[in-house]
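Peer 1: Encoded as structure tokens, here's the structure I'll be asking about.
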Amino acid sequence: MFHARTSGKFLAIVAGGALLLSACAGNDSASNPTASGSASASAPASAPAAQTITYSYEQEFHSYNNNTAAENATRNAGPLQRVLTGFWFFGDKGAITPDKDFGTYEKTSDDPLTVEYTISDKAVWSDGVPIDCDDVLLWWASNSGKVKGFSSSGTTGVEDTKLPECDKGGKKFSLIYDKPFADWIANGPGATAMLPAQVVEKQAGLSEDDFIAAVKATDAKKLEKAIKFYNDGWISEGTLPAADLIPSSGPYKLSKMDAGQSLTFVANDKWWGAPAATPTIVERVIALDEQSQALQNREVQIVQPQPGPDVLKQLQGLEGVKTEISDAYTYEHLDFNFDSSPFKDKALREAFAKCVPRQLIVDNLIKPVAPESKPLEIRNVAPFQSNYAAVIAASGGGAAAYAQPDVEGAKALVEKAGKTGTEIKIGYQTPNPRRTAAVQLIIDSCNKAGFKVVDKGSEDFFGTVMPANGYDVALFAWSGSSLVSGWGSTYTTPVKCDGENKGNNNGCYANKEVDALVKKLNSTVDLAAQDPIIGQIEKILWDDLATIPLFQHPGLYAWDEALQNIVPNPAQSTITWNMDKWSLT
Amino acid sequence: MTLNAQASVPDTASDSQGMAIVARTQGQMVRRRFFRHRAALAGMILFGFVIILAFSSIGFAGIPGWWGKNYLDTGALTNQGRPTLSLIPEFLGGTGLHLGEHPFGQDDIGIDYFALTMRGAQQSITIAFVVGIVATFFGTIVGAVAGYFRGRLEAVLMRLTDVMITIPVLIIAAVVGRMMGDSGALVLGLFLGLVTWPTLSRLVRGEFLSLREKEFVEAARAIGTPPRRIIFRHILPNTIGVIIVSATLGIASAVLLESALSFLGLGIKPPDTSLGQLISEYRSAMVVRPWLFWWPGMFIIVIALSINFIGDGLRDAFDPRQTRVRA
Amino acid sequence: MIVFIARRLVISFFVLLAATFIIFVLTALSGDPLEDLRQDNSPNKDLKIADRVDRMQLDVPIPIRYLGWLGRLVRGELGVNRDGQDVAPLLGHALSATLQLVLVATVMAIIVGIVIGIVSSLRQYSGFDYSVTFAAFICFSLPIFWIAVMLKQYMAIEFNNWLKDPGIPPTVIGVLALLGGLIFGALTAGDRRRRLIAFAVGAAITGALFTLLSVTHWFADPGFGLPLIVAISAAAAVGFTVLSAGLRQRGPLYAALGATLVGALASQVLGPLLANPTWLEILGFALVTVAICVGLGYGLGGIQRRQAITASVLTGLFTGALIFVDRMLQAFNSYSQAVRGRPISTIGARTPNFVGDFWQTNLDSAGHLLLPSMALILVSLATYTRYSRASMLEVMNQDYVRTARAKGLPERSVVVKHAFRNGLIPVTTLMAFDFAGVIGGAVVTENVFGWQGMGNLFIKGLKEVDPAPVMAFFIVTGTAIVVFNMIADILYAYLDPRIRLS
């Protein structure tokens with residue numbers, strides 16, 4: 001007992017004492033609150049309050065050069081939109097928009113297709129060097145595939161052009177095509193494509209004249225150092241490359257990078273166009289799931305979270321926040337396996353298309369996020385594109401037959417084919433709760449029609465299951481584009497149905513008519529003439545049931561109401577496409 | 001609890017005050033001490049309840065349960081998927097005590113959330129127990145062999161343990177997820193168990209190192225008892241306390257490990273589910289549809305908490321050194 | 001000893017080598033490194049695939065890739081990730097971020113955990129002990145991201161909202177008062193009447209305190225002020241003296257109170273020096289404080305000179321810390337205004353481009369560290385509390401403690417001198433283990449709070465099936481685990497002479 005009591009005393013002093021004293025202390029401070037208030041004589045802190053806008057993005061900026069194979073990604077393309085400008089950019093609703101500040105271009109001849117480009121006289125890099133011939137040549141050398149060694153994200157279109165003729169300091173050049181190219185309008189150096197040649201020259205130890213001569217001679221050997229720098233020299237490793245390596249040709253320049261945290265843009269004082277509305281923009285790296293709370297706590301003012309009904313409602317419930325749902329370019333579709341599956345039989349494809357509950361999938365999985373959403377009617381033009389209605393009209397509305405599931409009709413077809421109980425493997429990439437849910441809905445509906453649909457979702461779907469034909473129908477998403485040269489190959493008959501040759505035509509769909517139309521489309525230089533051709537292709541795709549389009553993916557954006565001119569963009573230019581117009585009221 | 005199964009050492013010592021008392025076996029004493037630990041007892045009842053609820057409601061391994069719905073059937077959303085469970089009786093202004101159609105509500109495609117939560121609980125419990133059993137088995141064997149035989153065998157085994165300790169669990173989970181596809185909780189648990197044994201093996205080895213020098217082992221060895229018998233019949237029963245306690249704590253932390261893996265996308269794969277999977281999926285629903293977040297969360301906490309209390313009770317029961325201090 | 005360490009080092013080296021091979025192979029097998037590109041339907045898909053195959057040498061068998069990695073490692077290179085970024089600088093950034101996060105959390109968890117554990121062991125089976133035990137088990141049973149989501153919602157967003165008008169509603173004050181009373185009651189030993197009185201006093205004091213804080217809007221513009229600093233510091237002086245020397249001799253008490261006086265004086269005189277100091281200067285002040293306090297203890301300690309020095313140094317440092325915190329609190333208002341009145345943040349390690357004086361920038365770090373540290377602390381805290389309680393109980397039951405009591409030593413000496421140190425032995429090994437584990441275990445916390453630390457480096461590498469960053473992560477954590485393991489063994493032998501290293 002004795003010890004217990006002494007230890008009690010001891011404890012009471014230690015623990016109780018601390019509390020007691022802090023309590024007295026509280027009284028004390030409260031009785032003269034001015035003591036602390038007036039004592040704070042610290043200088044006012046300057047924070048990014050007044051003239052800064054902060055937006056969030058899930059991935060960290062990697063490279064000032066968005067044109068190499070590995071770095072061609074929205075994590076770079078987004079931030080660089082208004083840092084490296086060009087003749088055109090993906091503007092409102094992802095439409096190809098000429099950038100008049102940078103320069104002008106026009107088609108001067110159809111045969112051979114010739115496009116004449118003029119860089120603005122005022123155009124100058126932020127280090128004071130004019131934007132001119134050597135920059136153009138650097139762009140051409142790295143994107144045409146004619147100079148070996150440059151890492152490129154794609155040479156389509158540029159590979160068909162002749163070397164642009166220009167001389168040192170020249171601001172005019174032409175792209176002359178060997179054959180007609182449908183997407184000529186977006187084939188010149190656009191936003192993020194034109195890089196400062198003076199930096200490359202300096203790093204490679206070449207004079208401007210030497211560099212121009214070397215490119216004109218497509219002398220890969222002489223350009224070796226230049227190529228090496230172009231491929232790797234602009235990759236950031238947690239910090240930005242030295243300021244003199246990353247000059248700007250737009251309203252903003254990159255000023256600072258804090259590894260894993262943020263990227264800061266400041267207005268470019270050498271910018272010749274309309275000045276940036278807000279002096280400082282900050283990109284913060286925030287995982288998708290964490291963005292809405294960061295907005296709620298106003299650590300960022302613009303967020304682009306993973307769309308979902310809960311996030312949407314939560315954002316809509318916030319005070320002073322504007323929420324917008326807009327379509328993305330990505331669309332979900334079912335892709336049949338024509339190579340080895342029951343779906344070689346068109347009747348079964350038709351039956352399957354009849355039983356897939358397209359409307360229910362949209363109602364249950366998409367409408368909670370995007371109430372306006374509808375099942376997709378065509379594949380290759382997105383609902384927000386200006387030519388959507390025109391193409392649907394031209395396609396003859398093949399989707400109408402499959403607007404609502406017709407389980408009875410499907411059952412009849414399956415029975416007629418004598419294939420009741422056929423096992424159908426739906427393959428898709430896991431984990432993906434939305435696809436799992438969609439597959440569940442398909443199973444529920446199509447099993448009533450006499451199929452035996454099984455969920456074959458796999459974590460390695462694209463790597464092993466799909467190449468090994470371990471699926472009958474695949475559920476996945478494709479990214480659309482306002483360009484036509486991108487998707488044609490998806491429906492073109494492959495030379496041989498194997499991994500090497502089938503490209504994006506995973507199921508080896510084959511139709512000679514489509515092949516011819518795609519070819520025609522890719523060489524149709526007149527934009528207006530393209531729509532009817534796309535419509536014809538869509539019609540055949542519906543007739544053949546090459547794929548079943550399901551829905552356009554929604555995009556979710558939210559920002560502080562105090563911000564003006566925030567316009568989400570479905571293209572790879574992302575929401576930052578007009579960041580020089582953003583302003584705070 | 002398999003306390004009866006252990007070898008018991010008859011306690012024939014009489015009390016120093018000379019009062020006649022009934023001799024109790026070690027097992028009886030442990031049981032008595034355990035049942036006197038109120039928190040542990042409550043934990044055990046609660047845990048038993050959760051197990052019965054989870055496995056009987058929606059059925060398991062093909063055996064149907066009493067709850068009419070299952071965790072895969074989609075359906076139409078009733079009342080936007082709100083829960084129909086009501087716990088406030090009418091005389092208190094509520095809508096009376098009833099379960100309703102979907103007591104925990106429904107998910108986005110109309111799956112009954114009670115069924116999903118129960119399935120999640122089944123999976124989480126399965127993983128936790130498989131991890132616990134596998135890790136305990138290997139940890140005990142390795143620790144016992146290393147501790148008893150010493151020498152080169154010990155060196156090899158302990159270095160193996162060192163290697164295993166450094167390997168991050170996440171890598172194993174990622175590899176298992178890919179290789180095994182959707183073969184589910186059993187396989188995931190098995191592999192997680194195969195990497196989480198080193199802690200226990202160190203403990204068991206420590207116990208063996210000190211026990212093997214004790215007189216009773218010496219005696220057994222002197223009369224020519226084979227090593228296997230010494231290990232399993234003589235030494236192991238004396239380390240059972242350490243092993244059981246470590247196993248319970250391992251099970252409790254495996255529940256949380258599974259939830260962390262699911263959060264990082266490395267756990268159970270949909271359409272199957274687990275509690276961790278459910279809360280990480282509906283994390284963003286905390287404000288808008290709180291029931292989707294809270295119900296599986298409550299089950300995780302209840303399971304982990306009750307196992308932890310059971311473990312605490314077992315520790316006190318097996319190792320009374322830390323119980324009452326009265327000077 | 002040296003032989004032991006040398007042998008352990010050599011063995012550890014081979015252990016690590018084996019582990020690197022296993023991890024490299026497992027990472028390479030954990031998925032399809034081209035997965036994201038295979039889903040791509042852009043025309044340049046093949047180019048991108050070829051580029052990555054080339055960079056990651058995917059056409060080379062895995063063991064040969066491993067040898068290549070090992071060869072580069074020997075030359076001191078960590079390789080590039082799949083996008084061509086050099087991994088070494090990435091590792092540097094990640095490590096510094098994680099250390100910031102983990103150091104603060106671990107130190108706090110150790111100190112608070114051990115104190116709570118010891119108090120609850122000395123008050124075994126009291127209300128306090130039961131509450132702590134229950135709370136610890138709750139913490140053990142919470143998924144960390146669950147805690148994180150809650151913290152963000154309530155400790156950041158709601159707290160910041162509340163700060164706009166920081167009044168405390170009467171009901172909350174009532175609850176807080178009740179809690180205060182319960183803590184007082186639970187900590188007081190004795191019969192029911194004494195405990196009831198303690199409860200009433202505790203409730204009254206807590207209630208009054210929070211009412212005053214609420215009425216004066218203290219939270220909007222906090223601070224201590226000199227009288228408060230002196231009062232707290234004097235109380236601490238008494239407390240430290242009681243702990244180190246007891247109050248029988250006056251020397252140590254005078255020394256400690258002297259330290260309080262010097263500290264209070266310094267806070268007034270050094271005002272201008274503290275306007276915008278650097279960490280180096282702060283460290284300098286701390287050293288000077290220690291020197292002065294040692295002097296005080298030496299001069300005034302009398303017969304208990306050693307204990308006096310301890311008491312006065314502790315008091316001095318504590319007072320210094322108090323002044324430091326006061327300064328930080330004074331800067332709170334201006335900082336809060338600079339960040340739009342939302343000082344507690346949910347994401348990241350700092351406000352981008354924040355410019356302020358020493359106090360404000362540190363407040364900025366603190367505001368960002370607060371939530372992730374709390375999440376990490378809650379979990380480790382439970383472990384430390386349980387372990388220190390258990391080991392303290394075991395020690396208090398030992399014969400030598402009984403002997404110490406039997407020979408009439410005061411309880412203070414028994415606890416502080418005899419039990420405390422031995423009780424800490426198992427906890428030290430836990431520390432070593434825990435710290436190494438936490439570096440890697442912070443994956444989830446980093447993920448939720450947007451810290452690009454070691455955990456993110458690892459998980460991103462693993463998801464992208466990219467061995468280079470995963471291996472960089474492992475080189476650090478694996479080495480840490482092995483080294484800390486060894487340190488734990490050595491420490492154990494040092495603290496407990498009965499254990500011999502063999």
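Using the three backbone atoms N, Cα and C, a Cβ is placed for every residue, glycine included.
These came from TrEMBL, pasted as-is:
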- C:95-492: domain 'ABC transmembrane type-1' (DOMAIN)
- C:9-29: transmembrane segment (TRANSMEM)
- C:99-119: transmembrane segment (TRANSMEM)
- C:131-151: transmembrane segment (TRANSMEM)
- C:171-189: transmembrane segment (TRANSMEM)
- C:196-220: transmembrane segment (TRANSMEM)
- C:226-246: transmembrane segment (TRANSMEM)
- C:253-270: transmembrane segment (TRANSMEM)
- C:282-301: transmembrane segment (TRANSMEM)
- C:308-325: transmembrane segment (TRANSMEM)
- C:369-387: transmembrane segment (TRANSMEM)
- C:427-450: transmembrane segment (TRANSMEM)
- C:470-495: transmembrane segment (TRANSMEM)
Peer 1: The transmembrane segment (C:308-325): which same-chain residues, six or more beyond its ends, come within Cβ distance under 8 Å?
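Peer 2: 224, 229, 232-233, 236-237, 240-241, 243-245, 251-253, 255-260, 262-264, 266-267, 274, 282, 285-286, 289-290, 292-294, 296-298, 300-302.
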Peer 1: Is the transmembrane segment (C:226-246) in contact with the transmembrane segment (C:99-119), using at least 3 Cβ pairs under 8 Å (sequence separation of 6 or more) as the test?
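Peer 2: Contact between the transmembrane segment (C:226-246) and the transmembrane segment (C:99-119): absent, because fewer than 3 Cβ pairs are under 8 Å.
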Peer 1: Take the transmembrane segment (C:196-220) and find every residue of the same chain, 6 or more past its ends, with a Cβ under 8 Å from one of its Cβ atoms.
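Peer 2: Result: 163, 166-168, 172-174, 176-185, 187-188, 333, 336.
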Peer 1: For the transmembrane segment (C:369-387), find every same-chain residue at least 6 residues outside the stretch whose CB is under 8 Å from a CB in it, and list them.
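Peer 2: Same-chain contacts beyond the flanks: 100-102, 104-106, 108-110, 112-114, 116-117, 120, 132-133, 135-137, 139-140, 142, 144, 147-148, 151-152, 155-156, 344-346, 349, 426-427, 430, 434, 438, 442, 445-446, 448-449, 451.
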Peer 1: Who are the long-range neighbours of the transmembrane segment (C:9-29) in its own chain, taking Cβ under 8 Å and residues 6 or more past its ends?
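Peer 2: Distant Cβ neighbours of the transmembrane segment (C:9-29) are 62-63, 65-66, 69-70, 461-462, 465-467, 470-471, 474-475, 478-479, 482-483, 486.
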